Amino acid sequence: MEPRQKKARFFDSEEDFGPDTKSLIRPGSSHKPGKPASNSLARPTPAPSTFRSDLEAFLGPLSDQRFGLLLAKSKGNVEQAVNIHFDLPEEVQQATSEETAEEAEVSQTTTSGFETTQKPSQNTQVPSRVHTRGGCSTSRFIGSLVVTAWASKSSKGKVKYQDRLVVERQSHDHSKSIRKNPTDNSHVHIRTVSGELLGRISGEHDYSIASLIDSRVCDFEASCVYADHNLSLGSNFVVELKCYLTEEAFQDVAMPLLDSKTAKKREYVFDNSRESHVEKMLRNRQIAIVDLFGKLNLIKENEANADMVKDMLRAKSQPPSSQPPSQNSEDESEPIPTDELDALYKRIEKEDVEQPETEVEGFPLELRRYQKQGLTWMISRETEVSEYFDNDDSGPINPLWTKVDFPGSDEKFYVNFSSGALTLKFPKQERSFSGGILADEMGLGKTISTLAMVYRDRHVGCTLVVAPMSLLWQWEQECERVGLSTYVYHEKGADIDLDELFKTYSPNILITSYHTLVSHYGQIKALGGGLDRNVISETSSHERPKIFTKHFHRIVLDEAHVIKNRNTVSAKACCLLRATNKWALTGTPIHNRLEDLFSILKFLGAAPWNDFIYWRNFITLPFQEGKIVSALMTVQCILEPIVLRRTKNMKQADGSPLVVLPKKTINIEKVALTDQERVIYSYVLARAQTSLQKSEASEAVGRNYLNILTQILRLRQSCCDPALILRPEAEVPTDEQLQIEENESQLKSMIQQYNDDTQTSACEYSSEIIAQLQDQSAPPECPICAEDVTKLAISKCLHMGCVDCLADNVRFQESKKQTPVCCICRQPAALKDIFEVERTGEDCKDIRLKKLSDRPRSSKLVALVSKLKQLPKDAKSVVFSQFTSYLDIIQTELRREKIQAFRFDGTLSRQQRTDVLKAFGLSKGSVLLISLKTGGVGLNLVTANHAFIMDPWWTFAQEAQAIDRIHRMGQTKDVHVTRFIVENSVEEKMLKIQQQKMVLAGTLGMSEQEQKAQRIENIKTLLGE
């Protein structure tokens, strides 16, 4: 048989289009045998409304069957479609003759590219059916699509027009595959009703359809629109999909994603991993619903949020393989520009000028006016909360939800395109939780305000207070002051059975720590199948920690920013707690990242913002895309109704200050390094500069970033005390968890020489001078202070005086960059050459010369001791440092100077912390040594009015938090703060960075690449000359 002669083409084409599979593969595509061809076209696809009209302008009216064939062959290209029409007249006529009356139903659809949206007649009943997967339930028809499928094998006469087909996903546990492989298998197979595999849906549609099937949102019925009689591998055929919403689609958005056995046994509580399999499936569901509803044209133009949904359609997320979510929680969102964060806090501040005042009858403490107004607001936040969903649709609809009509019916349902949730009930705009965030600035009495609220309804139920371990004693003490009964559920106190406790003793307030919750949460691993599941086994409820099963009247998280990282066990544990009312107390609900707020909202149950899908779509993603103002405005809208924030600088209605506090003075004390200290500092600086230069030369600054930060850490330590450089620091600041290399013999030698420089023994002094000291019946007069010597010392030049006078003379000259000399004979002098004279034995005739110091005092330590000695004898001081090893050195020196010092840091137990704070409060003229990290959390230290900051933090906000532990409500004296800064050092440059509101760990409000570049510039600034 001779081959058919092709007719002259209506259009010229670079290709011949025949029935072979080559004609269906885009030129230049990376198609391989057994692989589906790409669905994208070599030429732009005409607009959906013009393709059919343009085609019929050349060929005349076309039936849907003929149009389907040309659409599949030409892939939407008019020129190719016309040429195919004339090249294959026999096939076209055969396809036309096979058209049946049932085509009328298909012809009622309107074509949109490769998709059609069915519009059933208003007089016809909406298609519905019963599906059996997952149990019997009714599915509701919402529209139909025409999609292109790819033949996965060759076949002959297996499928023809209007044959019913089966849509099938691979039978495997999708939740497990998500956990194992971040790239999901999104293939959707098409089979005949007899089960024979024909192919799979093309890549343009398979991801969304697969997600909808996996999440049990939709069922699909398929039928053939067009297929070649002889299907070859890689060829296309056209399928119509009828879409049905399942009953499960309207259930809790989280529960259907668990397998049926797990769903019956487990209670979904808190999903707080970086992105768990549940969060991933929810995100996939949301993307697929947005995609499907867009294709079905179910979004009306007059809906209030139609523009938002269309934006989501235009920029809908890519499949996870192309845009995987961040696996680092800290990078989930970029840092907030400092100016924007300050402005956000300013906008949510409440003046309360119109807020009425609430008195608490019998409350023993006097509340200030702003506290009474705040109490009114807090009480209003604990009023009864109505159900989030209500059948009464007379009120305003929640702005995040959109009303959608079932096709051909007066019935409707509601969809939240930001989360993928569906409901048949009217979503009213209602308050979703009871409680809020009390975010008053530090020192305005958040604790007293909370206790007043508890006291008001103390007989209603128990309030659980969760606080850092260092504040447990403070809460217990404050409760006792106002007459509230307490029980401290911590350490040994946490071993008690809560049910038994409340049978015999019902405290007004149960006080526990975040540490205790973390400890109890660890028990869930054995009971609930693992912490990564974020679920608790109901079958083991009798063994579950009782603090997670008891329903409290109220829960208060003090210093709630402790749970700012949603991946921490502290955050997860707090979100398991159950209560009618929930409160978060924190002066900084947002520290420097928007993600800081998410965990607090999750704890509060602030729907819908406690759902990570909402948070990601409305806040995280816009912020990462540079829409900073828009994202922060959304955060402002979230916070305004649930946050009460006042600051010390605010005014009351009559213009008077909100709170009157004593004056606070902050001074910067410049400290000069000694020559030996400068040598060590210069050596460390040179090493850091060399490291930076080598990294720049090899373009590896980013890879060596931590190593360079290590060098900067050494510089900071050498400013405090050179001995710190080689000490393993147990409590290095959180942004500097860096290891210090110790195999540098030259640096070790320099520091050893600094510590042990030229030991002088008493035997160098002549026996004549010792004898002269033994014969003295009374102490000599000091040549420096001209008073009787109470603590005798002798120098190498054999001149005597007060030990402090001789030592201070040397230190003063060193601070002025002068060579120290004796004030009497002008011979060279040094601290190592001064010995304290100790008399022992009968008549104090036995003389012992004691070296002034076992090691030299650093310049900062000298400056601190000098300042402390200048204070009145009964003055109390607090000394802050980031380095606990430095606090060890300071403590040793203060003891040597007979200055009473107490130590407060993270190494102390709760009882030890309580004892330290009590002793410091009762003492006079004492010093409290405290780590900056511990001192920045909740402590009330108003018994002291002098503060010394030994080393600067990267941001002054951290130092300000520590200072406000002294300068707060209850302080009656002026507060004096001294910040010690070494001249011509990295510390001075850190002050400049503070003033520019920049942070080394990441410059704010820039793209990732800009942040990296700015970090490098900051390093250059710190290490520059």
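Cβ atoms here come from the backbone N, Cα and C positions, even for glycine.
Among the ranges 602-646, 782-826, 917-961, the stretch that Swiss-Prot annotates as zinc finger is 782-826. The Cβ of Met442 has fewer other Cβ atoms within 10 Å than any other of the binding-site residues Met442, Leu444. Within 10 Å of the C-beta of Thr447 (ATP binding site) we count 22 further C-beta atoms, all protein chains included. In the three-state DSSP reading, Thr447 (ATP binding site) counts as helix.
Applying an 8 A CB threshold to same-chain residues 6+ apart, the list for Glu441 (ATP binding site) reads Gly587, Arg645, Arg646, Thr647, Lys648, Asp964. In terms of DSSP helix, strand and coil, the motif 'DEAH box' (558-561) has 2 helix, 1 strand, 1 coil. Residues Gly587, Arg968, Met969 surround the recorded ATP site, their Cβ atoms falling within 8 Å of the Cβ centroid of Asp440, Glu441, Met442, Gly443, Leu444, Gly445, Lys446, Thr447, which are themselves excluded.
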